[in-house]
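S.K.: Before I ask anything, let me first share the structure, which is written out below as structure tokens.
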């Protein structure tokens, strides 16, 4: 990346740090300059191959829809030119064997079509675990718990405090009290205790809401990125609920914050080959087991953002569940960038110089995340955008790809941008090279973006041209529950339901990203209006206080 482009990804902010309490400058106001790396403007550089991939998905699923109308038109044109008497005479011209043969071919074709098409997958309901109030902490209490453990020096604690102040996280998030212990808490015992608390809490609520017995579940998928004991977490669930012996169980580890959508994708594939089945997908992360006690600032950051949480989702492919299901699964698009070394090491678990284990966050994270997001939404676009938006987007893309002026402007973008800023005008070549940015608000009514941090959400809003209302569920989830890893997008959907925002026919876009680097999208369509819950929703007792400014 050129130096000019590198500078374009940086933003500065002057922060008032208050009055200096001691030292030679005591009593004087102090300020600091904070430099941040922004997401790249990924909609300004779209790769044609990912657009082609999206259209490939679209054509594969739309072949029947394209064929049937043609056949209907041909049949209507043929029959429409005949009178009722002529039609009756033509029918009598065929013998019985011909009529029976025609009916047999029609029935066989219909059977092949209905048997070969993918089964619809319905979301019956979902549950999000809400920890007890004794685990609730304010930002100040969080710092005090870390100080009480005696594992952090004042410089590290001060860094944590500054991160929290700019994080967008509120004063009602949840952490295990063990983080205040001076003992080693990254043990299998601590991990199992936290896992059983959050997972069983979410599943108990799910089985109560759906009235499905644990023994009726045919597929179980549990994902937890960091904590992967033996026996597995999925085995722990089967043992606790005494599930049936032939259940198809899977345990996903190391997949990061996007693993919740990966779990849904795996469950969908299993439901395609196992008719009349229920599938449960559990998504969580262990905060205590992943607690870093060193002083490397790039490894301290995850401590500040991750909080306790767990989601459990009930899926079904049974046709009779159509009437009482909340949502129908429409699309899943997965993007994996691990072939690129920078992406692979952007979120990396390792030991620091002192031998303390933790997650290291690379400076390249925002940039590689933007590239993964760009690829994912470019592939998803042809599947969900209205035809008018696709036409404008594709025309602009072709113009940028084949226009000599666009190619020239690409090689001289740095000098032209400087000239434009100096003169206060835009060159014609930059107008040609600038692509049409699709309006994703025409494709979706609701957006659930992984609540990684306040800065990430702000950059997503800017690049996708979304409103404050579109971002409300993600921002409020970050404020109320923090970053709960792979379960976060379900707390956001729970917020939309608590606000009675979801109506029949609404489309919900959930998008999450995680280590690897991965970016995954799932699209749901509401089957009915979701009424405001009175219980079994993590927002029931506080939704009336939201939204709040961050």
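Even glycines carry a Cβ here, placed using N, Cα and C.
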S.K.: Could you tell me which of the ranges 37-56, 57-76, 117-136 is annotated in TrEMBL as transmembrane segment?
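M.R.: It is 57-76 that TrEMBL annotates as transmembrane segment.
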S.K.: Have a look at 16-35, 96-115 and point to the one annotated transmembrane segment in TrEMBL.
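M.R.: Here TrEMBL associates transmembrane segment with the stretch 96-115.
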S.K.: Looking at the candidate ranges 407-431, 432-456, 457-481, report the one that TrEMBL labels region 'Disordered'.
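M.R.: The listed stretch tagged region 'Disordered' in TrEMBL is 407-431.
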S.K.: Summarise the domain 'Beta-ketoacyl-[acyl-carrier-protein] synthase III C-terminal' (445-525) as counts of helix, strand and coil residues per DSSP.
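M.R.: Across the domain 'Beta-ketoacyl-[acyl-carrier-protein] synthase III C-terminal' (445-525), the residues distribute as 39 helix, 21 strand, 21 coil.
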